[in-house]
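Going by TrEMBL, these are the annotated features:
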COMPBIAS  337-352  compositional bias 'Basic and acidic residues'
REGION    337-361  region 'Disordered'
TRANSMEM  37-56  transmembrane segment
TRANSMEM  68-87  transmembrane segment
TRANSMEM  119-141  transmembrane segment
TRANSMEM  153-174  transmembrane segment
TRANSMEM  186-206  transmembrane segment
TRANSMEM  226-250  transmembrane segment
TRANSMEM  270-288  transmembrane segment
Amino acid sequence: MSSPGGGNSGGGSPGGGGGSQGNPIARITIAYAESNVQLISIGLQLFMCMYGFVVFLETPHSNRKGRIMYILASFSILALTVISTVANNVTNYNTLLNAVPGDPMGTRAAMNRFGQGTIAYAVARISSTFIAFVGDGLLLYRCYFFWYDRKWVVVLPALVYVASVVMGVLQMLWEDIFSAWVIDFSVAWISLNASLNALITATISFRLVMAYYKNRQYLPAKASKVYLSVVAILVEAALPLSVAGIVLAVFMNQSRGSGATGVHQGFFRILYFFLLAISPQMIIFRVTTGRAAGRDIRGTSGNTTRISTGLDFAHSSVNDDTNADFEISSTPKRRRVDVIKSDKQSHIERQNEANTQPMAV
C-alpha cells in the first residue's frame, strides 16, 4: 500500500518516498538526507527562537504589544519540527538496522515493516502537517491585520486556508480510509499550501507598497527602507516555499501510481519541508528583532532612534534631516501617520508670531 505521493518510505513527511516496487536504495538515501537536513533546520530554528525571545524580553513593555503571538508560534513550529525529526530518525534507524545489504527484497521488507503503519511514521506525518497549519495560520493572521479595514480581502485567503486544512487532514487519513480512491490528497494539499503562501504574500506586499506611496510626502527618506525591507523579507521567505511546493506537487503527480521515487522529487521534497518550517521562522525573526542599523535594543543610545520593522509597525519612529519624529501605526483603531512638529519648526513658528505682533512704543 503506497502512501500519498509516494509510499512506504522511511520519512513520515507527506509525499514521502516511492511505492513498493520503487528503488529501496534511493528511498533510504533520500530519507537519510532528509534526516540530516531536518537536524540543520532544528539548529537554525533554535537560534532564531532563542535570540528572538531574548530580544523580546529586552524590549520595553510598550513595544511588546502584538509580538507574543509570534513568539508562541515560533516555539510551536520548533517543537513540532523536533517531534517530526525524532520520529523520522527512529523510523530510519530501525529501517537501516534491519536492511539487508545486497538484498533488495530484504531491504524493502524492512522499510515496509518499520516505515508506513508504525506509530513513529504517524507521529512524523502528523507533526509535519501541523507545521504547515501553524505557519499558514500565522500568515492568515497577518493578512487580516493589514487588511482590517477591508475584511473582504481576507475572504479568499481564508477559504484557501480552510481548503488546505481539509486536504491536510485527508492526506493524513488517505491510505487507511480512502485507500481505494485514485485521488492523491497530498498533491492537492501541497499545491494549496504553496498557493496560499503566494496569495497572502502578494496581498500584504501590495498593502505595504500602497501605504508607502500614499503617505510618502509625510515620511522621511529612511521610512522607505522600513516598508521595502518588510516587503523584501516577505517575498524572500514565502516565494521559495511557494515555488518548491508547486514543483514538488508536479513531480508527485507525475510519479503517482508508478511508485517511482526520482532524485529530483526527493530533492524538492526535502527542500519544501525544510522551507515549510524555516520560512515562517524567518518572518517571525524579523518581527521580533527587526531594527535599523546601529539601534540600541534597550533604547539607551542617544545617537540613533529605533525603526521598528515589525510587521505591525506599532510605535515606530524615525528621524530625518530636520529632526522631525514620525509615528507609523497600522493598528485597527489607529491607521494613521502622526506628524509631530519638531522643536526647530516650533521655534520658527514662535518667531513668526513675534514678528507679526505690534512693537511697543
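All positions are counted from 1 along the displayed chain.
Placed from the backbone N, Cα and C atoms, the Cβ positions cover glycine too.
Here the structure is a predicted model, which means the values were calculated and not measured.
Remote same-chain partners of the transmembrane segment (119-141), defined as residues 6 or more beyond its termini with a Cβ less than 8 Å from a stretch Cβ, comprise 11-14, 69-70, 73, 76-77, 80-81, 83-84, 87-88, 90-91, 154, 157-158, 161, 164-165, 168-169, 171-172, 189, 193, 196-197, 200-201, 238, 273, 276-277, 279-280, 283-284. Ranked by number of Cβ pairs under 8 Å to the transmembrane segment (68-87), the listed stretches 37-56, 153-174, 186-206 are led by 37-56. Sequence-remote contacts of a segment are chain residues at least 6 beyond its ends whose Cβ falls under 8 Å from one of its Cβ atoms, and for the transmembrane segment (37-56) they are 64, 67-68, 70-71, 74-75, 77-78, 81-82, 84-85, 88, 270, 273-274, 277-278, 281-282, 284-285, 288-289, 297.
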